[in-house]
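Novice: Before I ask anything, let me first share the structure, which is written out below as structure tokens.
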């Protein structure tokens with residue numbers, strides 16, 4: 001029996017959801033699992049390597065790298081959140097997930113996602129202080145301040161996402177139990193509820209605007225100030241050097257915000273977009289940043305690059 005027929009025949013309230021993986025490509029799941037597995041093999045060891053190098057290399061105990069360690073922790077968390085259901089579906093066809101497990105996964109995925117947005121904003125502030133106020137860099141970004149920034153970021157993410165599982169749990173799910181994805185997302189679960197989801201939709205939009213919306217605008221504002229300062233530097237070599245310190249962060253910002261904003265726009269306004277596009281965008285927004293961030297920072301950061309090269313060559 002296929003997922004579609006199972007979903008159509010389900011007229012009673014189900015205690016579980018069924019994750020479909022990539023709809024329409026079920027026969028190719030075993031082959032799709034190969035690049036997905038490779039991505040996890042890059043993401044998890046890659047972020048663990050970043051954390052280990054920053055912890056053991058005393059020269060990296062600076063604000064920029066402390067924020068990078070936060071980013072690596074979040075990327076590690078995102079990878080581990082999706083790993084069980086993704087590999088379960090593509091390897092052994094384990095598609096069932098209980099409502100409570102789905103809501104828990106949903107909470108952690110969204111919490112880590114919005115926490116990553118906060119840390120990327122913090123890293124933009126770090127670059128702003130380093131370039132625009134270099135003489136006050138150490139006095140402004142002390143370890144205490146960095147710790148408080150991390151706690152505030154965590155508190156904001158948890159506070160905003162905590163209501164979502166309870167808002168979803170109060171609804172009946174009496175139609176098809178099939179979630180057209182490989183993991184649980186708020187927008188996907190809402191589609192299965194047999195109730196008016198207007199309040200959930202409004203709250204979801206509020207969360208996105210108050211996190212990703214505000215953070216992305218503040219990052220743009222930070223880089224506008226950075227660019228103004230850089231253009232006022234007389235030496236061309238110094239201008240290039242200053243901008244070069246921002247390249248890794250700009251790559252991380254683009255890797256995170258581009259698919260996330262695209263996915264949010266498609267979910268809310270692109271009703272005619274093929275569902276496969278939504279699924280692919282969902283994979284990009286959750287899997288690409290954890291895979292690419294360690295690579296980008298390893299390539300662009302000499303201390304990290306040297307340690308990684310030394311570990312593999314000796």
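Glycine is no exception: its Cβ is also placed from the backbone N, Cα and C atoms.
Among the features that Swiss-Prot reports, topological domain 'Extracellular' is placed at 1-30, 81-104, 166-201, 264-278, with the record citing sequence analysis. Per Swiss-Prot, N-linked glycosylation site is recorded for 8. Annotation comment: Swiss-Prot describes 31-51, 60-80, 105-125, 145-165, 202-222, 243-263, 279-299 as transmembrane segment, evidence class sequence analysis. Per Swiss-Prot, the feature topological domain 'Cytoplasmic' maps to 52-59, 126-144, 223-242, 300-314. Under the heading disulfide bond, Swiss-Prot lists 102-194, citing sequence analysis as support.
Could you place the listed features in the three-dimensional structure?
Specialist: Beyond its flanks by at least six residues, the transmembrane segment (31-51) meets 21-22, 25, 68-69, 72-73, 75-76, 79-80, 83, 86-87, 90-91, 287, 290-291, 293-295, 297-298, 304, 308, 311 of its own chain at Cβ-Cβ distances under 8 Å.
A mean pLDDT of 88 is what the model gives for the topological domain 'Cytoplasmic' (52-59).
Note on the transmembrane segment (60-80): residues 40, 43-44, 47-48, 50-51, 53-54, 108-109, 112-113, 115-116, 119-120, 122-123, 126-127, 130, 137, 141, 143, 146, 150, 153, 252, 286-287, 289-290, 293-294, 297, 303-304 of its chain, located 6 or more positions outside it, place their CB under 8 angstroms from a CB of the stretch.
Sequence-distant neighbours of residue 102 (disulfide bond) (same chain, six or more apart, CB under 8 Å from its CB) are 17, 179, 184, 189, listed in sequence order.
Residues 63, 66-67, 70, 103-104, 106-107, 110-112, 114-115, 118-119, 122, 186, 200, 203-204, 207, 210-211 of the same chain lie 6+ residues outside the transmembrane segment (145-165) yet bring a C-beta within less than 8 angstroms of a C-beta in it.
Within its own chain, the transmembrane segment (202-222) is flanked in space by residues 110, 114, 117-118, 120-121, 124-125, 127-128, 156-157, 160-161, 163-164, 167, 186-187, 190, 253, 257, 260-261, 264, 268, which lie at least six positions past its ends and keep a Cβ under 8 Å from the stretch.
Away from its own ends, the transmembrane segment (243-263) comes close to residues 71, 113, 116-117, 120, 123-124, 127, 130-131, 212, 216, 219, 223, 226, 230, 278, 281-282, 284-285, 288-289, 292-293, 296-297, 300-301 of its chain (Cβ-Cβ under 8 Å, at least six residues beyond either end).
Within the chain, the transmembrane segment (279-299) has long-range Cβ neighbours (under 8 A, six or more residues past its boundaries) at 22-23, 36, 39, 42-43, 46-47, 49-50, 68, 71-72, 75-76, 78-79, 82, 109, 113, 116, 180-183, 185, 248, 251-252, 255-256, 259-260, 262-263, 266, 305, 308.
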Novice: CB neighbours of residue 194 (disulfide bond) within 10 A?
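Specialist: A count of 11.
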Novice: For residue 194 (disulfide bond), name the DSSP secondary structure in the helix/strand/coil scheme.
Specialist: coil
Novice: Using DSSP, what's the helix, strand and coil tally for the topological domain 'Extracellular' (166-201)?
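Specialist: Grouping H, G, I as helix and E, B as strand yields 13 helix, 2 strand, 21 coil.
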Novice: For the topological domain 'Cytoplasmic' (223-242), find every same-chain residue at least 6 residues outside the stretch whose CB is under 8 Å from a CB in it, and list them.
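Specialist: Tertiary neighbours of the topological domain 'Cytoplasmic' (223-242) are 124, 127-128, 131-132, 250.
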Novice: Take the topological domain 'Cytoplasmic' (126-144) and find every residue of the same chain, 6 or more past its ends, with a Cβ under 8 Å from one of its Cβ atoms.
Specialist: 63-64, 66-67, 222-223, 225-226, 229-230, 242, 245-246, 249
